[in-house]
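Per TrEMBL, Ca(2+) binding site is recorded for Glu167, Glu516. Per TrEMBL, the feature coiled coil maps to 575-602. Taken from TrEMBL, the feature domain 'Ion transport' applies to 26-218, 335-575. Residues or ranges marked as transmembrane segment by TrEMBL: 77-99, 153-174, 186-208, 337-357, 363-380, 462-484.
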Amino acid sequence: MSNLALGTARDPGAATAALGTLCQGLPTLIEILATAGTDFDLRTLRAVRVLRPLKLVSGIPSLQVVLKSIMKAMVPLLQIGLLLFFAIVMFAIIGLEFYMGKFHKTCFSNETGEEVGDFPCGEEPPARQCESGTTCREYWQGPNYGITNFDNILFAVLTVFQCITMEGWTDILYNTNDAAGNTWNWLYFIPLIIIGSFFMLNLVLGVLSGEFAKERERVENRRAFLKLRRQQQIERELNGYLEWIFKAEEVMLAEEDKNAEEKSPLDVLKRAAIKKSKNDLIHAEEGEDHFTDICSVGSPFARASLKSGKNESSSYFRRKEKMFRFFIRRMVKAQSFYWVVLCVVALNTLCVAMVHYDQPEKLTTALYFAEFVFLGLFLTEMSLKMYGLGPRNYFHSSFNCFDFGVIVGSIFEVIWAAVKPGTSFGISVLRALRLLRIFKVTKYWNSLRNLVVSLLNSMKSIISLLFLLFLFIVVFALLGMQLFGGQFNFQDETPTTNFDTFPAAILTVFQILTGEDWNAVMYHGIESQGGVHSGMFSSIYFIVLTLFGNSAPKDTLLNVFLAIAVDNLANAQELTKDEEEMEEATNQKLALQKAKEVAEVSPMSAANISIAA
């Protein structure tokens with residue numbers, strides 16, 4: 001521990017590595033303690049061993065940025081947590097004053113003495129009145145196995161916490177209306193939701209966004225410094241290359257001058273004599289053409305002339321074929337061809353979406369033949385692209401590879417349907433994914449292209465965030481299996497949300513993370529451990545999972561994702577602004593260069609251009 005502390009103090013960047021070491025050593029220590037004796041039941045904490053992959057943080061920069069942002073945000077998050085806890089305690093004390101013992105009265109039958117309803121009631125209006133033949137009296141356990149009440153500070157804190165998560169808070173409001181009337185209860189619950197949920201929990205977004213922006217700014221500053229240093233190095237190398245080019249030009253100019261001086265009049269006369277002899281030879285051949293004997297066809301000179309004629313004809317066809325290929329290439333690369341293909345894909349998607357149950361026979365026949373028409377159009381498009389671009393360039397694009405796979409699969413599906421009617425693999429539905437081609441329009445839209453590029457650049461951070469979330473889910477799923485595995489088997493029913501198997505535990509934890517009906521899972525967990533008398537300690541698991549889970553993915557981890565997205569959107573706007581400034585600077589340079597060229601021809605014209613500008 002001392003070595004770990006000293007290493008962290010000497011190198012602030014070693015904090016993440018220290019965290020990985022701690023995550024690896026702590027589970028091992030807990031496992032030793034759990035297997036050493038029977039007095040301590042620490043086996044449930046062995047699931048913390050799955051935190052060992054956090055050692056990868058030191059090798060993944062994007063994961064390092066996200067985790068460091070969350071770690072640095074712990075102090076302000078703790079302050080917000082304390083503020084939220086005091087708010088919960090305050091509202092819990094107010095609930096004790098107004099609703100203590102109100103949820104234990106319900107309607108009992110006068111004849112049998114059994115409970116008639118599962119709702120609170122009151123003896124006097126405006127509380128809920130019982131029907132004739134029944135009496136509102138005690139003692140009823142209360143709603144939700146007696147867990148939802150304000151009998152003491154612990155139950156009140158748990159009930160207020162459930163209301164802050166906004167899951168099932170309306171049921172609690174309706175229970176208070178039944179027990180005490182609906183006149184003034186809204187004065188308690190509406191401020192509770194506004195202050196506790198809308199305000200307190202959303203403070204997490206501001207804290208995490210600020211910490212992530214600081215960490216991202218630090219990384220960006222270092223990246224900018226490295227970029228500046230690299231740019232300076234490139235400028236130094238460029239200056240050296242320019243000096244070398246200037247010297248090479250001087251040497252080449254000197255050699256050209258030397259070669260011009262070495263040229264003699266004799267060389268000029270020699271070239272003139274060779275040219276005159278060639279002209280005489282051509283005239284002599286033209287005069288002797290009609291004296292050519294037919295026997296000379298077999299001579300080597302005649303065969304050479306015939307071969308050259310064939311080569312000329314083949315080169316003519318090759319030239320025409322190449323020109324035709326160039327034409328096809330320009331056509332498939334044209335923007336109009338792209339939009340035509342996209343419209344065909346949209347029509348094909350519309351035809352696939354028109355299929356419905358009990359459709360008319362005419363529509364089925366029309367869609368059947370339309371399938372062949374669209375398949376032929378897509379096959380023609382693929383053939384044109386493959387011919388114009390060439391197979392290598394065609395398969396270089398991921399969109400083209402996807403198109404090729406879909407078309408080949410569609411052809412196979414058509415053949416299979418012809419062999420075995422009534423069977424289908426559903427490959428034609430994949431053609432709707434061709435609408436992803438619309439993203440290719442970013443090539444013509446600079447701001448949208450920068451936005452897409454910035455969001456794609458943030459995928460590393462988002463994947464790192466999802467990795468942390470996955471670890472969180474696995475840890476709590478294993479803990480849930482240790483605590484509640486095989487315990488959700490009640491007499492009335494066995495709920496589908498349970499911890500009996502690992503897949504079911506993963507799904508249950510994920511449901512709690514989404515905040516959907518997490519309180520019902522908590523009620524089942526408390527009831528499985530003995531109810532309100534001996535199972536209330538089980539609520540700590542669900543409170544921690546909801547606090548760091550529902551608050552983590554919903555208000556913490558997903559808020560980090562939101563911070564990443566907002567930060568990258570800002571980067572996209574800055575990138576678009578930089579490109580506009582660079583384009584404006586380039587236009588100004590071109591205008592100045594044009595003015596200089598005109599100035600060399602006519603100073604008066606240059607003056608006119610400058611005045612017009």
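The backbone N, Cα and C atoms fix where each Cβ goes, glycine too.
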| note | All chains considered, the count of other Cβ atoms within 10 Å of the Cβ of Glu516 (Ca(2+) binding site) is 13
| task | Look up Glu167 (Ca(2+) binding site) in the DSSP assignment and reduce it to helix, strand or coil. | result | coil
| message | Taking DSSP as the reference, which of helix, strand or coil describes Glu516 (Ca(2+) binding site)? | response | coil
